[in-house]
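Engineer: Taken from Swiss-Prot, the feature thiamine diphosphate binding site applies to His74, Gly115, His116, Ser117, Gly147, Ala148, Asn175, Tyr286, Glu367, supported by sequence analysis. What Swiss-Prot records for Asp146, Asn175 is Mg(2+) binding site.
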Amino acid sequence: MGNIFDKVNSPEDLKSLNIEDLNSLAQEVRKFIIETVADTGGHLASNLGVVELTLALHYHLNSPKDKIIWDVGHQSYTHKILTGRKKKFHTIRQYKGLSGFPKYSESIHDVIETGHSSTSISAALGLALARDLKNRNDRIYAVIGDGALTGGMAFEALNHAGHLGTDIKVVLNDNAMSISKNVGALSHYLSRIRTDPTLSKFKDDVEVLLSRIPKIGNTVSRSVERVKDGLKYLFLSGVLFEEMGFTYMGPLDGHNIQELITNFKNADNIKGPVLIHVNTKKGKGYKPAESQPSKFHGVSPFKIDNGESKRKKSNFTYSQVFGQTMVKLGNKDKKIVGITAAMPEGTGLSYFKKEFPDRFFDVGIAEQHAVTLATGMARAGMKPVVAIYSTFLQRAYDQVIHDACIQNLPVTFAIDRAGIVGADGETHHGLFDLSFLRAIPNIIIMAPKNENELQHMIYTAINNDQPVAIRYPRGEGYGVELDNDFSTIPIGKGELLCDGKDVLIIAVGSRVYPAMEAARVLSQQGIKAAVINARFIKPLDKNLILNKINECKKVITVEEHALKGGFGSAILEFINENDLRGIKVKRLGLPDRFLPHGPTGHLQTIYHIDKNAIIESALKLVDERVELGLWPGKNA
C-alpha cells in the first residue's frame, strides 16, 4: 500500500491531508477493500461506492464526539479502516473477526449498530434529542441509501425530525440501486433530480434570478422572501424533503471530496434538519462491480482479474429451486403472483419476474406493505406468494397476524435464510420465525428436508386455503433429483425415515439429514434410532409422534432455530397435553443469545446441532454410563 494509507490509522490523521492526498488515499483504500474482499468475501459494490463520501465525512467531523450512523451498515468498510481496524480488516466477517456491520463492541466510532435498513434517521434523531437535553454540541450525521429511504420507518423519522426542527444532517447516498434496482415513486423522483439536465440548469437560472430581486424595507423584504420561497417550491428540486421540514442540498458529486467537504461545512451553518443529496456509483473503481452491482452486493471470495467466484457451486440453492418452482407453477396457474420486498435476486423470485413481469411485484423495502398487499390479492382470488428472509419477516409480524391470519387468507410465506446464515451474523440469522409464528392461530408451518421436498411444499401451500409458511435455509441443497411432477403433501403428516425402539429423533428441515447420519452411526453401536422428518411444525403429526414417543420413551428434537418457543418446545407441549409420563426429552437447538457471524457449519458444530451432537445426546439418553464417559469408543 501507499505511504498515505500506511500513515492513516484514525480519523484525526486525515486532518493534515490536502485534497490531493485525500484523493490518493481514496484510491488506496479502494484497492485495499477489493484485495481483502476478494480473499474473504463480503459486501463489495456498496463499499466501493462510498469511499470518498466516508473520507469527506471523517475529514469534516470529529468522530467519536461527532456521530455517524450508517443505515444498514454493510457500506461501513472504509469507516472501519479509518477508525483503527485496518490491521484486523482481513478478518472481516470471519468467525471471531470483525463484523461486516457497525459494532459498538468493536469501536466507539460505531455509535449505533445496524444491519436492517431504514433505521438510521430514527437513531440519529434520538441521539440528537439526547444531545440537546444535555446541552451538548455533537454533530450528528445519518447516512442512508436511496433504497433504504423507501422504507416507511425512514419517512416516519424524516417527518418527526422535520416537525421538531432538530439539528441533524441526513446524507442521502443515492446510487440508484440498493441490492436490486429500486422501485416506486420515490425512486422516480430521485432519478429526475439526479439526471434531468433541464431541471438542473433551470434550478441554477432560478437561483440567479431570485438573487437579483431587490429588498426594499422590512415589510416588502418579507413579502419578497415569501414570493421567493414560493417560486423555489414551484421550480426547484428537493421539494419533497423541504415539505417535510428539511433544508435540501444537492445533488452533489459523491466522488468529489472537495465538493462534499465544502457542502458539509455549509450544512453545519444551517440550524435544523438538513438533507444532503449525494450521487455515487455503486462498485466504483472495479469494472466488474460497476457493470453488475447486484452481483457484487454480497460476494464469496473471487478472482480480481475477472470477478468470477473462487467457489464452485455443484448444487442448486434452495432459493434457486424456489424460484424455478414458482415459474413451473406460474405456467400452469395464472392466479399465482410473486411479491418481494426489494429482494428478487436473493429470494430467487427473479426467475418468476423474468417470465411473468405482470404478476411480479417488488414493493421496495416495505415488508409490512408486502404482507398486507398479499392479503388483498388473496381476498380477490389470487394466490400470492411472499418471498422474504426470515430476519425481515420480523418487520411484518403485526400484518401476518392482523391481515393474514385473523382473516385466514391463503397467503404463502416463502421464508428464505431460515436458520444460521453465516457471515452476516446477528442481524441476519433467521432464528426466531418458528417462535413467533407458532403462536398464531390459522397458520400452517412447514420445513423441507431437501430441495425436492421444498418444491412439493410450495405446490401444497399455493393450493391450500389458509396462510402457510415454509422455512428453508440459505445456500445449496443436497443435489437430490427433482421430481418432474408436483404432489400434495397431506397437511400435518410427518415422515418416518427409519424405525427403531431405543431412541426417537424428531428433526426439522436442515437437521433431518444430520439426524439420519447420526442414526446410521448409532446403529453401528447397537442402538436402533427412529428418525422422523417432522415436515410440519404446525400442525404436528400427532398420531405418528404419539405412537413413536410411547414406543421409545426417549426423545431428541433437533432444529436450526432458537430453543425458546421453537420446535422442541412444541414437542414438550405435545407431551404435556397428552399427559405422557416417563418420557425423557433432549432438545437440540440454538441458545438464548444472539449468535455471532461465522461459517455456518462451524456455528452448527459449536452450538451442538450437528450430527455429533445428536449422537452424543442419543448415547446419553440410552445409557446413563455415558455421563461418566464410559460409552463405546471413550476412555473413563
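Any Cβ shown, glycine's included, is placed from N, Cα and C.
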Engineer: So the record assigns His74, Gly115, His116, Ser117, Gly147, Ala148, Asn175, Tyr286, Glu367 to thiamine diphosphate. If I measure every Cα pair among those residues, what is the longest distance in angstrom, as a whole number?
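Structural biologist: 32 Å is the greatest Cα spacing among the residues binding thiamine diphosphate.
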Engineer: C-alpha of Asp146 (Mg(2+) binding site) to C-alpha of Asn175 (thiamine diphosphate binding site): distance in Å?
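Structural biologist: Here the two Cα atoms are 7 Å apart.
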Engineer: Let me know the DSSP-derived helix, strand or coil state of His74 (thiamine diphosphate binding site), please.
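Structural biologist: DSSP assigns His74 (thiamine diphosphate binding site) to coil.
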Engineer: Determine, from DSSP, whether Glu367 (thiamine diphosphate binding site) sits in helix, strand or coil.
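Structural biologist: DSSP call for Glu367 (thiamine diphosphate binding site): helix.
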Engineer: As a test of the contact definition, list every same-chain residue at least 6 positions from His74 (thiamine diphosphate binding site) whose Cβ is closer than 8 Å to its Cβ.
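Structural biologist: Residues satisfying the criterion: His43, Ser46, Asn47, Gly100, Phe101, Gly298.
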Engineer: With Cβ-Cβ distance below 8 Å and at least 6 positions apart along the chain, what are the contacts of Glu367 (thiamine diphosphate binding site)? List them in sequence order.
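Structural biologist: When sequence neighbours closer than 6 are ignored, Glu367 (thiamine diphosphate binding site) has Ala341, Ile388, Phe392, Leu393, Arg395, Ala396, Gln399 within Cβ distance under 8 Å.
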